[in-house]
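**Q** According to TrEMBL, the record shows the following:
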type     : residues : note
COMPBIAS : 318-331  : compositional bias 'Basic residues'
COMPBIAS : 358-371  : compositional bias 'Basic and acidic residues'
DOMAIN   : 79-160   : domain 'Large ribosomal subunit protein uL2 RNA-binding'
DOMAIN   : 207-337  : domain 'Large ribosomal subunit protein uL2 C-terminal'
REGION   : 311-371  : region 'Disordered'
Amino acid sequence: MSFARLGVGLFRSRRYATEVSLEQRPTDVNAALSRTSTLFKTYKPITPGIRHLRRPLNPHLYKGRPLRLLTVALRKKGGRNSKGRITVRSRGGGHRRRIRIVDFMRTEPGPHDVVRIEYDPNRSAHIALLKNRNPAVEGMKKWSYILACEGLRAGHVVESFRQGIPDGLVEGFVDSKKIRGKALVDDNDSVSANASLALGLLRARTIKPGNVLPLRLIPTGTIIHSVALNPEGRGILVRSAGSFGQVIVHEDNGRYTQVRLQSGEVRKVLQDCVATIGKVSNPLWKGRILGKAGRARWLGRRPHVRGVAMNAVDHPHGGGRGKSKSNKHPRSIWGWLTKGKRTRKPGPKGPKGSNKMVVRERPRGVEKRAR
């Protein structure tokens, strides 16, 4: 083969986007050297806007449109309230979006099949489209979106045990709120063999990524997300990409369970509240690089002006000659102290007993850096 023909072949095989196929299985040394390229997608810098562009590799995402039945139009406000005044700065513009109606309640029992994993422009995590196996249900109860946990793929089966464990699911186990996360004990306060076996079978049957259970039925050490604070409410804690909580301990009184949140805070949650097993999907979302200011505008983010670049009438850091904030402590545009100043009322300087549910506050300052 001539060098000219070989050069033509190399030129034709070149691609602008460099990504690793799933069939390639690098060795341990190559995997350590090419860790970044296997996790993110980079581009050949033929334009300045894609020179630093970096995106997580998600080949499992569905490339089509969302289910129209589960979407509504998003009407943008541009950061303005009902009086037309800007209350949130640096907002406006951006591409048109449709809100995906995500089911954070998970009240429908029974197995649900995962049809596909989709991208959601309104959140950092991915979402999963579920189909209810019950032939009697229709419409919104047959199809639903949920937060996709890490490792959830099309073809998997998830189930919600929000209403409790159905009778007969595990032989020898009866769901009772009197148990409250503790092992079944007999009259002699010793764990019987049948009870421990039934509890083990129950955990093997229910503790799976994407399943929803009350906290009293989740063993300690389990990774969870989408934690509810009201037994009848929806999951509101630990919902962003890559975040997770952990069940620390079930209190002996059978009322509360201590959960460590993503920030490091340990909080007491009622054992009747529910949580989803697993870690939230898309953990590489924080490592993405937009590459240019235009992509931020596509996302609805307008330029953010620094305080030292303003006039003295517009910001506490404004005015003066040169880049100077006049020896002032860092403040917001409204004069609030930043850089660690505690401004929340239910805290150490607020009313006593105003935050009884927090067992240990999140680490701050030196404690956070040592983490």
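A Cβ is built for glycine as well, from the same backbone N, Cα and C atoms used for every other residue.
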**Q** Using a Cβ-Cβ cut-off of under 8 Å, list the residues of the same chain that are 6+ residues beyond the ends of the compositional bias 'Basic residues' (318-331) and lie near it.
**A** 307-312, 337-339
**Q** Per-residue pLDDT averaged over the domain 'Large ribosomal subunit protein uL2 RNA-binding' (79-160) comes to what?
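**A** The average pLDDT of the model in the domain 'Large ribosomal subunit protein uL2 RNA-binding' (79-160) works out to 95.
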